[in-house]
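Please read the structure below before turning to the comments.
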Amino acid sequence: MTLTPLWTASEIAGIFAVDMDGPWQCQGVSIDSRSVEDGDLFFALIGPNSDGHDYVKMAIAKGAVAAVVSKPVAGLDPKLLIMVPDVKAALNELGRAGRARVQVPIIAITGSVGKTGTKEALKNALNHNRKVHASVLSYNNDIGVPLSLARMPRDADYGIFELGMNHAGELTPLSKMVRPHVVMITTVELAHSEFFKDVAAIADAKAEIFDGLEPGGTVILNRDNGQYGRLRDKATALGIDKIISFGADEAADVHILRQVFHNTCSCVIARIMGHIMTFKVGMLGHHWVMNSLAILAAVGAVGGDIGLAGLGLAHMKPLKGRGRRHQIFLDMSGEASILLIDESYNANPASMRAALETLEQTSKQTRARRIAVLGDMAELGDKSADLHGALAEVIKDNNIDRVYTVGPHMRKLFERLPEFRRGGHFEGRRALEMKLMQDLRAGDVVMVKGSNASGMNKVVEKIQDMEATGVKQAI
């Protein structure tokens, strides 16, 4: 079977306005020599800590057909090098070309919480006999977005792109590059608040995603969110008249009528644009129910089959570090175990609240001891102490039995906890791990969460190492 090329040499020559030798074609685009696959086109990006030109030989040796460079690479056939003035600018150009050559529905997703999980679930919902291209992992910045566009197959039926930002002004160029037909803002919360005056300023920055919306496009907004009115007004001011709202609010176009939580899923009855629909979400938690409403709204906005999409939601699976569950068996009998909920990928106040609510809902099904292991939330600026301390009320509301904290910011939370909830506070991760190994017992449900910098993924690995059989089971 002959594969359709992602890009041909002649196409690359035209986009970069360079002369090319040879009739090669590529099947992928890479910026990391460690993950280069046979047939990739490699971009030698120059970053603050590394220079991709140092890895061009490795990329070629691993099967890259050519490399985009801004300076010569000694010891390589010049025919393998595509010389451009600026490699990053060249990647942007290829991303724009990737977008320009397809005439299919494009969806862009942003929000303070839930971008990546919603993107993956939407991909699954649209994937019935359709070719859906979506950005991988959290490739949502000024490198990840053009890279994802450049990787979009010419025969894709849908494109889904995650757009992220840390500062005002970052979403506008990304949205204008993607040129979506549908944009979704999952929610606006105090994330990256170190760089913003208040949550309204974060909403204004998120609203920049409207700037690239194609004429006649659709905006999908969370009606339950405190910034809904502000976002709606900004969209309206830009002449956008197709606005779909979702939420628990009965006034939302897509809203919950009933939700029931089970151990590993959520069952939902919802009104979808005037029609009542029953479906199952393969994830536990109110936040996942909310995400599912946004997903169904997006499917409808691009003319997809909402019924099939609803069936697809039943097969949602959590990503690593974003709610994935592991049953850790403590003895060879398989009878004594711990349920580990891995939320270690990142954290902000909203995602912490959602994770703690899910912990409470999970242990309701099992009557287990609820244990939260929490690391610092980063980039909260001068609001950090108050926001960490405020988690004490969330912990109380969700009846968490035991809380272990690590890091200087989490001390504020620990100090506000009553004695009976205190598992311990630790300045370093290793001391925390030692205490956990002593305290955890069969039947516990343990949720681990923190910002990436807190290294809570290592705590997850330590708990997984308690496995008696050596077989770690993700459920």
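Here the Cβ of each residue, glycine as well, is placed from N, Cα and C on the backbone.
Nobody curates TrEMBL annotations by hand; they come from automatic prediction.
Annotation source TrEMBL lists domain 'Mur ligase N-terminal catalytic' at 27-104.
Note on the domain 'Mur ligase central' (109-298): mean pLDDT across this stretch is 95. According to TrEMBL, the domain 'Mur ligase central' annotation covers 109-298.
Sequence annotations record features per position, and here TrEMBL assigns transmembrane segment to 288-314.
Across the range of the domain 'Mur ligase C-terminal' (337-451), the DSSP-based residue counts are 55 helix, 28 strand, 32 coil. The domain 'Mur ligase C-terminal' annotation in TrEMBL covers 337-451.
Long-range neighbours of the transmembrane segment (288-314) within the same chain, counting only residues 6 or more positions beyond its ends whose Cβ lies under 8 Å from a Cβ of the stretch, are 105, 107, 114, 117-118, 121-122, 124-128, 158, 181-182, 184, 186-187, 218, 220, 222, 224, 242, 244, 246-248, 252-256, 259, 265-266, 268, 270, 272-273, 277, 279-282.
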